[in-house]
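Peer 1: Heads up, here are the entries from Swiss-Prot:
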- Cys43, Cys46, Cys80, Cys83: Zn(2+) binding site (BINDING)
- 217-232: compositional bias 'Basic and acidic residues' (COMPBIAS)
- 308-317: compositional bias 'Low complexity' (COMPBIAS)
- 327-337: compositional bias 'Low complexity' (COMPBIAS)
- 205-345: region 'Disordered' (REGION)
Amino acid sequence: MSERKVLNKYYPPDFDPSKIPKLKLPKDRQYVVRLMAPFNMRCKTCGEYIYKGKKFNARKETVQNELYLGLPIFRFYIKCTRCLAEITFKTDPENTDYAMEHGATRNFQAEKLIEEEEKKIQQEREDEELNNPMKVLENRTRDSKLEMEVLENLQELKELNQRQAQVDFEGMLGQYKELEQRQKQREQEEDEQETKEMLERALVKRLRDSDSEEEAENAKERSKKHIADKPTDILTTDTSTSSQGLSSAVAKKQSWDRSVGGLSVKGALGSLVVRKKPADSASKPSHAAPPPAAAAAGTQTGAVKPESSITSSSASSNIQPVSCQNGSSLGLLGAYSDSDDSSSD
């Protein structure tokens with residue numbers, strides 16, 4: 001194993017290195033390398049932004065016939081991440097930077113150009129002052145004038161700041177706040193006025209609707225009162241339906257008096273009951289004088305008959321639709337029993 005780990009090699013006495021064949025490779029050979037974008041750039045084809053530090057698999061080659069102080073310059077080929085367009089840039093050893101060559105534009109290039117222009121102007125001035133002492137004096141006078149102008153401008157700015165310092169900013173803010181509060185209060189009052197008007201309109205409409213409903217109900221009640229009922233409707237009329245038509249306490253009292261008073265006095269049904277005439281008095285004429293008891297009874301009945309006829313006529317004249325409708329069942333029963341008693345007598 002130690003023989004395979006030798007540190008020196010054996011060269012025979014007739015060794016000639018020029019006779020060893022060498023591998024001939026092309027000078028513009030390309031290598032695939034992994035690198036990061038050296039600056040921010042934007043693709044000219046699709047407008048995609050490629051930021052500094054993004055990694056690419058680039059192809060590297062040596063630029064032919066271009067050297068800087070004997071240092072070779074390398075070119076790199078990358079592809080856009082969006083449209084796969086080819087972008088090339090190369091090294092710039094003079095400025096220790098990279099220079100964009102094709103396929104994209106470098107961002108923040110304007111700032112770099114301005115800096116380069118300033119450096120160029122400064123270099124030209126130094127070259128002029130190096131060989132011309134009068135140029136040095138002219139540049140000094142120009143610089144002094146520029147400095148005086150700058151000081152004057154600075155003094156004007158200070159005076160302007162002092163003038164503005166005298167302004168009462170707190171008072172201005174207070175006035176602005178007061179104006180805002182007044183405007184808000186005015187808007188609130190207008191809103192309240194509008195809501196009040198809307199509520200008044202709705203209230204008037206509701207009052208009109210209620211008035212129309214009351215008028216309709218009154219008309220219905222009047223129509224119910226003016227309906228002419230038949231005398232026989234009192235037998236089929238229900239007390240619950242008849243009591244709904246009452247509108248005053250006086251009418252209720254009168255109806256109650258009529259219904260209850262029918263127990264002792266012949267009621268409203270007296271006009272509806274047909275009285276039977278005595279068959280003996282109608283068929284047989286009385287030839288003989290009646291006995292004293294019969295005469296007395298006859299005088300009593302004769303005295304009662306006109307009274308009953310008067311009461312029946314007055315009851316029939318006093319019968320109204322309201323009384324017919326307001327008769328209670330107890331009053332009807334009493335009146336009917338009175339009529340039966342009178343007929344049986």
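Along the chain as shown, residues are numbered 1 onward.
Every residue, even glycine, has its Cβ placed from backbone N, Cα and C.
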Peer 1: Using the CB centroid of Cys43, Cys46, Cys80, Cys83 as the Zn(2+) site centre, which other residues of the same chain sit with their CB within 8 A?
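Peer 2: Near the Zn(2+) site, the remaining chain residues are Lys44, Thr45, Gly47, Glu48, Thr81, Arg82, Leu84, Ala85.
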Peer 1: Let's check the environment of Cys83 (Zn(2+) binding site): how many other CB atoms sit within 10 Å of its CB?
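Peer 2: Here the count is 12.
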Peer 1: Please determine which of the binding-site residues listed here (Cys46, Cys80) has the lowest count of neighbouring CB atoms within 10 Å.
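Peer 2: Fewest other Cβ atoms within 10 Å, among the binding-site residues Cys46, Cys80, is found for Cys46.
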Peer 1: Per DSSP, to which secondary structure element type does Cys43 (Zn(2+) binding site) belong, with helix, strand and coil as the options?
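Peer 2: Its secondary structure by DSSP: strand.
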Peer 1: Non-local Cβ contacts of Cys43 (Zn(2+) binding site) (under 8 Å, 6 or more apart, same chain)?
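Peer 2: Listed in sequence order: Tyr49, Ile50, Cys80, Arg82, Cys83, Ala85, Ile87, Gly103, Ala104.
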Peer 1: Through the lens of DSSP with three states only, how would you label Cys83 (Zn(2+) binding site)?
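Peer 2: Once the DSSP labels are grouped into three classes, Cys83 (Zn(2+) binding site) ends up as coil.
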